[in-house]
């Protein structure tokens, strides 16, 4: 009887998102119980000191551009120039950082904003895939929109 | 990492910053399958659906123009490339990103079908894929917070990854690949234009094989 009822729910694909949502909730609720037993290891990889007074907050990693800024990485031997460009700002970003306290919030608002080395070099493949996801999303939306126009 | 039973011997590793993709016997086998399917998607001609007329012995094949399949062909190839990335990457967060890319290209393949019934299923699938990003990225966040690393190389054999992170990772891949939620796929498969539709099944199968390996190794 229960199996018949469950099969009835699962056979309707409009219930798909609901069934999946319930699954996610069950795992998250069960997982919440285990959260107090988890230890936090935030200091091991990509540590960052947050300086709220810096105009580059929260992207300020300190150091001088084209110097030897210490940046922690998983495999430093794979990034021989680690720390070289961390503090570099383009002339526009440099001017903005001098003029406003909120330069850090514009990281995506103008080209060549803050070059966060972890983001763009050490974990560069992540950034490439993230951008690809965005472009594929645009491609799908554009295709669907143009198809509607053609009909 | 390569002392684990599932991996087999190390064949090749690409030192790419902190993300070090690798080929073990296991992942190289998966990658070889993906490459074959990418080539099939790139060069194959779409099949023609046969419709049988009720009450008679007549049947007719639907004509599918090349221009109709251009988009789904492109997305099938993109899906193959994303699957290839997911099977060879050596980083948990990178894997989750590729899994999301597989999910969104799958939605695109389905959405390129004009059938309203198929589009309804694609819409439901899109919602599931969207919800799936929460457990997927949540698991990567928990792994980084509790172990201080995302590299499968470092995590392998440590046993430091909490069960919650593993469960969320599997749940996230379930949502992106919807492999166990076959009722959605039953509708999706009505879409014309195999082998592009086949790529959806293939990519979710490979995502599952890869996530099984990751969960067993870390």
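A Cβ is built for glycine as well, from the same backbone N, Cα and C atoms used for every other residue.
These figures come from a predicted structure and were not determined experimentally.
What TrEMBL says about this protein:
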type     : residues  : note
TRANSMEM : B:20-43   : transmembrane segment
TRANSMEM : B:71-89   : transmembrane segment
TRANSMEM : B:95-113  : transmembrane segment
TRANSMEM : B:125-146 : transmembrane segment
TRANSMEM : B:152-175 : transmembrane segment
TRANSMEM : B:196-217 : transmembrane segment
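Between the transmembrane segment (B:71-89) and the listed ranges B:95-113, B:152-175, B:196-217, the one holding the most Cβ pairs under 8 Å is B:95-113. Nonlocal intrachain contacts for the transmembrane segment (B:95-113), taken as residues 6+ away from its ends with a CB within less than 8 angstroms of a stretch CB, comprise 69, 71-72, 75-76, 78-79, 82-83, 85-86, 89, 119, 121-122, 125-126, 129, 132-133, 136-137, 139-140, 169, 172-173, 175-177, 188, 190-193, 196-197, 199-200, 203-204, 207, 210-211, 214.
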